[in-house]
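Engineer: Sharing a structure below in structure tokens format, with a few things to ask.
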Amino acid sequence: MTVALASFVRTSGDVSSLDLVIGGARCGGCLAKIENGLRSQPDVTEARMNLSTARLHVAWHGAADRADGFAQNLQDMGFSAGPYIPDIADAADRAQSRKLLLAMAAAAFGLMNVMILSIAVWSGGSEMSAATQSLLHWLSAAIALPIAAFSGRPFFASAWQALRAKTTNMDVPISLAIILACGLSLWETWQGQEHTYFDAALMLVFLLLVGRVLDARLRARTGLAARQLAALQVHNARRITDDNRVETVPTTELAPGDIVVVASGERIPADGVVISGESRLDAALVTGETALQKVGPGDALYSGTINHGAPLTLEIHKASADSFLADITAMVEAGQQTQARYVRLADRAARAYVPVVHSLALLTFVGWLIAGGTPRTAIINAIAVLIITCPCALGLAVPAVQVVAVGRLFAKGVLIRSGDALERLATVRHVVFDKTGTLTQGRIRADVSAIPAPDLALISALSRHSTHPASVALHEFETAASALEVEEVSGQGLRGQVSGHAVRLGQARFVGGVSFDRPGLWARIDAQDPLQIILADPIRGEAQETVNALRAANLTLSIVSGDAAETVENVGDALGIDQVTARVEPAEKLTHISALQNRGIPVLMVGDGLNDAPALAHADASAALVSGTEISRAASDIVLQGDTLAGLPFAIQVARAAKRRVVENFALAIGYNMLAVPLAIFGYVTPLIAALAMSASSLIVTLNALRMRRVGDYEGPSHPGQNERIKKGKAAL
Amino acid sequence: MTSLLWLIPIALILGFSALGTFFWALRSGQFDDLDGDAERMLGDDDFPLT
């Protein structure tokens, strides 16, 4: 990965500074490793990392072009780095969550002071003179009214918006309860009466704001994960300028008509047509097939495919923003809209809750009038119903659970995109896997168990002269020898001299000594018997365990792949998955998912490629590997870090536990209401009872959420700073 | 009961100063990196005073 960071550097005087987004830093050890590593570089004056936002600030004396060196240092330490690009949505989110925090702090201040005064009134009882009581009430009013007006704004604004759109939401009963509680209390104070609800009004505001702050933190965290992934994806292309120089530009700046060079092993930056060069292309991310395609002048290439042969010169036909990806993107967006139709549990609860509560309050009012109560009693009791049923516990029930659940997943390298993704994940009953790159490693490996080590060393030495994937698969085997007089016969094989032996590597026909119609890769040393090398895309080490764990979690499994039937079936047999579908186009993957959904089965899609993206976006929940394509990760709810599937069962376990906790919390909140509402209707709710009931129910709900911390046990993929502190401790001893 | 006339203003002043401190802390970025600072204080001090 080459990223030209120099253009993101700010300079003032001789001091340059840069903000980077860091991938893979998850603990204090990582933090120390990064900061100390950079500070030890010459001329670096400042290196400070923010672990919550994964942002690193570096400042140094010298030129801007050292930036790429720092990125390289970080990469050597095991972290990925991309430029931090400030974005408006991010700034707005931050401002919003700061506002909520301020409102919560003000509400806490007001609540504590009013509570001091209220406790005096409650415990003073009959011993307190009417004048003192009135003084305390007026003081409470002086504190509570401005604070309620300030801290209640988030609710008032949202309720007003809903009412103007002629709908209701949870904030309507909340705002109503706050305003009525304050209004009633002010009237009672004016009349010199005994009971006021200023403390209840502020407690409502405070507890609900706690829920909102938690929710905002959750959104900041999940949004950050998405942006972080995007920032690490800034890729560069090498463009040829009019005066024949090569310049490095971000792929987003490419325009139709630009000429770019793509070296061997690089990714095609945008859709275009080959002008010169002949090569082989790895289109696995687009088609899902592992076999290479031959390309030459005049061929149209899609962005995202990888050049595996000689350098190619391309003329770009579409800007990267609207290339072949555009079709896929359109499908992804359509899918995401269906996901957006998912109604969050809290909203479903609110829809049932609001009408019931308001009817109860109305009934109370009418009931008391019919029973011969004064209008004042009727109004006080109706308002008491509204205050006591105000969805405090309900407002806390969901965010508290989700913050804990998402926090646990983050710490274990499972990034989740939103709180409702967690809810959707819990409903899943069937898992559809992509094959290439998801269940398998996504690259060809050679099985050389049948080849003697000395021969293997000779073959490996020869293979290093080629970048053909079959040869590349042999590069990993150690050799001290080097090959001479190497000749590559295109489409057939390699031959050369290694340590005095004539070595051939390639097709059976090329190698000789075997009947030439036998498929596969062969090698032959001098005139010995030819050796067969079996090439395969091996199954991931953790795949079997993951599949077993998912099955143990009562999920049915299937594989849908764009690859050939035989390969897909082999993988299915090896893992014990019998529902396999091979040779499918991206759009067919989508139909496959829809078919399951139409039968009423919520589906989790796990994939990594461009061809999986529409299916990922359409499934009820989706997971992608961090090594997958950008678009597949963007279309997914969950991104598994560390290039391992092992986090998937854990994510499902946590999601299900979170859903159980949320439902329990709703049950607790409803149980509380069933106790409290009759008391309120019959006029037994004093301000003291209201305060106790509200705080007790919120506390119980929060404590229940914290039980999420104990769910499941999963190590998580290793991260670079993991053993840093242990090492340090040992060094200190 | 005259003690109330002293104690309530004192309570309010203390409360207000706490609120003011919180506002100041929030604005000066004390809450920007809760995770990082929590970990950082466990790390070794690279420039100990003694």
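Just so you know, glycine gets a Cβ as well, placed from its N, Cα and C.
Okay, these came from TrEMBL:
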type	residues	note
DOMAIN	A:16-82	domain 'HMA'
REGION	A:714-733	region 'Disordered'
TRANSMEM	A:100-123	transmembrane segment
TRANSMEM	A:135-160	transmembrane segment
TRANSMEM	A:172-190	transmembrane segment
TRANSMEM	A:196-214	transmembrane segment
TRANSMEM	A:352-371	transmembrane segment
TRANSMEM	A:383-407	transmembrane segment
TRANSMEM	A:662-682	transmembrane segment
TRANSMEM	A:688-706	transmembrane segment
Engineer: In the same chain, who gets a Cβ under 8 Å from the transmembrane segment (A:172-190) while lying at least 6 residues past its ends?
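Structural biologist: Distal contacts: 134, 137-138, 140-141, 144-145, 148, 152, 155-156, 159-160, 162-163, 196-198, 200-201, 204-205, 208, 353-354, 357-358, 379-380, 383, 386-387, 389-391, 395.
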Engineer: Could you check if the transmembrane segment (A:100-123) is in contact with the transmembrane segment (A:383-407), meaning 3+ Cβ pairs under 8 Å among residue pairs at least 6 apart in sequence?
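Structural biologist: Not in contact, no.
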Engineer: Mark yes when the transmembrane segment (A:196-214) and the transmembrane segment (A:352-371) have three or more Cβ pairs under 8 Å (sequence separation 6 or more) and no when they do not.
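Structural biologist: The transmembrane segment (A:196-214) and the transmembrane segment (A:352-371): touching, no.
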Engineer: Need a quick answer: max count of Cβ pairs under 8 Å to the transmembrane segment (A:688-706), which of A:196-214, A:383-407, A:662-682 is it?
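Structural biologist: Result: A:383-407.
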Engineer: Considering every residue in the domain 'HMA' (A:16-82), what is the mean pLDDT value?
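Structural biologist: Summarising the domain 'HMA' (A:16-82) by its mean pLDDT gives 84.
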Engineer: Mind checking which residues reach the transmembrane segment (A:383-407)? Cβ under 8 Å, same chain, six or more beyond either end.
Structural biologist: 170, 173-174, 176-177, 180-181, 184, 197, 200-201, 203-204, 207-208, 210-212, 214-215, 217-218, 221-222, 344-346, 349-350, 353, 357-358, 360-361, 364, 416, 419, 422, 654-655, 657-658, 661-662, 665-666, 668-669, 672-673, 676-677, 679-681, 683, 685, 690, 693-694, 697-698, 700-702, 704-706, 708-709, 711
